[in-house]
Amino acid sequence: MTKGTPSQGRHNKGSNHIVCRRCGRRAYHVRKKACAACGFGKSTKIKRFAWKWKKVTGKGNRLK
């Protein structure tokens, strides 16, 4: 095993994100101890943004 640039490519074996206890998505960062999807570990409020869901207008097919 050599050191330097060739060895840096071998640092991608582990996974940074595991399944979140609160939202169930694979977005809980192990080292930061916070969920990127719902904000668990960072705040008590669930992280919500309007742009995450498609806006539906009228009486047509509703997205679930």
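Here the Cβ of each residue, glycine as well, is placed from N, Cα and C on the backbone.
What Swiss-Prot records for Cys20, Cys23, Cys35, Cys38 is Zn(2+) binding site, and it gives sequence analysis as the kind of evidence. The zinc finger feature in Swiss-Prot is assigned to 20-38; the stated evidence is sequence analysis.
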Candidate with the highest Cβ count within 10 Å, taken from the binding-site residues Cys20, Cys23, Cys35, Cys38: Cys35
Integer average pLDDT (0 to 100) for the zinc finger (20-38): 96
Output field, Zn(2+) shell: CB within 8 Å of site CB centroid, site Cys20, Cys23, Cys35, Cys38 dropped: Arg21, Arg22, Gly24, Arg25, Ala27, Tyr28, Ala36, Ala37, Gly39, Phe40, Ile46, Lys47
